[in-house]
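Novice: Below, the features straight out of TrEMBL:
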| type | residues | note |
| --- | --- | --- |
| ACT_SITE | H527 | active site, proton donor |
| ACT_SITE | H571 | active site, proton acceptor |
| BINDING | V262 | FAD binding site |
| DOMAIN | 303-317 | domain 'Glucose-methanol-choline oxidoreductase N-terminal' |
| SIGNAL | 1-18 | signal peptide |
Amino acid sequence: MLLSISSLLALLLPTVLGAIYESASELPSHNFDFIVVGGGTAGNVIANRLTENPRFSVLVLEAGPSNIGALNSDVPGLETNNLPLPNPHNWNFSTVPQAGLNGHTVNYIRGFILGGSSAVNAMYYTRGPADDFDKYANLTGDQGWSWNSLQTYIQKNERWLEPTDPLTAKDRFDSRFHSSTGMNFVSLNKFVHTTDSRMIQTTKDFPEDFPFNLDYNSGNPLGVGWLQATIGNGVRSSSATSYLAPEYTARKNLHVLVHAHVIRIREGISRSKRFSTVEFMSQSGDGPTVRVTASKEIVLSAGAFGTPQLLMLSGIGDTQELRALGIDTVHHLPSVGKNMSDHPKLGSLWSVNSTLTDEEFFRNETLFQEVYEQWNRSRSGLLADAGATHLGFFRLPSNSSIFSSVEDPASGPTAPHTEMVFMDGVRPPLASGNFFSIGTAVVSPTSRGWLRLKSANPFDPPLINPAFLDTEFDVFAMRSAVKLAKRILASPAWAGWIIGPAGALADANTDEELDEYARNNTGTTCHAVGTAAMSAVDASFGVVNPDLRVKGVDGLRIVDASIFPFVPGAHTQAPTYIIAERAADMIKEIWA
């Protein structure tokens, strides 16, 4: 239903493109100071900040289409995560069979649109624990990556919208930790759910296991807090709507080309491991190969999958793996594509004694039209908010049995082991029934996976192995999270409303049954990182140095989620914006 409605209503959205080109023939030049590969979460930050200097010319190459007119991106309640696969704004990747998931494969949502995953994700704004960033600083030997050092960049990114409704504003956030002068709108949900009061009452009833956190973006996310999301005035705020807003694409030195599938990067004429040429084709694969050159730097911002894939296609990677596919090695860098980590996610349902849950609005054509018309008229109502109501971040008890055999993988006392996402309903809706859903995730996983090339064809998707639930700790943490979720909903605040666990969860009670339930039903939060990880300058592993320049080559820098050494205990959108803001300053300082 959503696809047909979306295609009709998209006609109501504006179609002004500004300096966003649809064809390579429109480009004013093939020579630029900087070329940014990927117009996603990080890439658009780089493009915006570099073109603040009128002497710098920047070209952004994006494989997907423009975000203009994409209703499922603009309307928060119609996020692409809720649409069936395949869909036109998703790369439609899937994993290899997962040993830890009984051989199942997992679909990945990755934004195939200007704005990248920031234009299709669930919009949750979570910076993560201070301990994670401090560990990045210690691992790389660069204290500029520490939590305190990054505060300037947090402020440059966030534009917090103060709630105008006293009910929404009261006791839901801490203004000390927010900036109103940045680029991306961030706000609280406005739609009132029947479960809101039950959730808060539970934090009062069980403050030890389920504490309330006034603001999980303080650097200590532990506990349950009200959802903060990248939404401004009822509309998604992505890197495209913020950093590529019309006043920025009007800059004469900023050029954005969509439908441009980059197939490789090349050295310059000297062939001295200095990369300066980018080759791309139209996304359809038809037409000629187009070459553009960067006199200063190429910045790879193609994401945790696209960036390592492009490096390997260009001859940067493990020599043995490249040789097996007939690719000549330009630079042996065996860490490319390794060290992948992600948050495994398990969605669980409870049947409820209500017909007022969110799925009714998506299942009933008449109700859906009503809430859409409300959004179209006033940018308010159910569709003006992100789907979740609250987020919770938790640590395992220090006396957990797992710690007798496994070292605590979390980066410090503020770093969570697990997360819960609470939703009044389930999206996309099931054919019948009314539910409360809790998504549990392991946010300090010890499993490490990899990404490899399927072939030397740049249009073939890569082989993706996140190795979900591949370690004893990850299985234990997921089981513990589901047990905690069950305890929460068995508490007095939910009496008379929760009927009981639904689906396969109803038959999962023992540890063995819970583990099997997890292996059969776990998917992904789509928070993959680490495939081009940063490390200390003198480290024998890693892909980029702390300044994000690729080790052993010149002219090439990586700015996206692939550079995180391990997945932060957060939804990765905000951390990616933060590292991109700092990266832009590092680049400008070098070339000033």
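Cβ atoms are placed via backbone N, Cα and C, with glycine included.
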Novice: Using all protein chains in view, find how many other C-beta atoms are within 10 Å of the C-beta of H571 (active site, proton acceptor).
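Specialist: H571 (active site, proton acceptor): 26 neighbouring Cβ atoms within 10 Å.
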Novice: Check each residue in the chain of the residue listed as 'active site, proton donor' that is at least six apart in sequence and keep those whose C-beta is under 8 Å from its C-beta; list them in sequence order.
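Specialist: Sequence-distant Cβ neighbours: D342, H343, A561, V567, H571, T572.
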Novice: Mind checking which residues of the chain, 6+ beyond the ends of the domain 'Glucose-methanol-choline oxidoreductase N-terminal' (303-317), have their Cβ under 8 Å from one of its Cβ atoms?
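Specialist: Tertiary neighbours of the domain 'Glucose-methanol-choline oxidoreductase N-terminal' (303-317) are 37-38, 40, 91, 93, 108, 110, 116-117, 262-266, 275, 327-334, 336-337, 340, 451-453, 456, 458, 462, 464, 528-532, 543, 550, 553, 558, 560-562.
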Novice: DSSP secondary structure for the residue listed as 'FAD binding site', reduced to helix/strand/coil, please.
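Specialist: Going by the DSSP assignment, the residue listed as 'FAD binding site' falls within a strand, counted as strand.
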Novice: Mind checking how the domain 'Glucose-methanol-choline oxidoreductase N-terminal' (303-317) divides into helix, strand and coil residues in DSSP?
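Specialist: Within the domain 'Glucose-methanol-choline oxidoreductase N-terminal' (303-317) the tally stands at 11 helix, 2 strand, 2 coil.
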Novice: For the domain 'Glucose-methanol-choline oxidoreductase N-terminal' (303-317), report the average pLDDT of the model, please.
Specialist: 99
Novice: Which ones in the same chain are close to V262 (FAD binding site), with CB under 8 Å and 6+ residues apart in sequence?
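Specialist: Listed in sequence order: V37, L61, A63, V278, E279, F280, A302, L310, P458.
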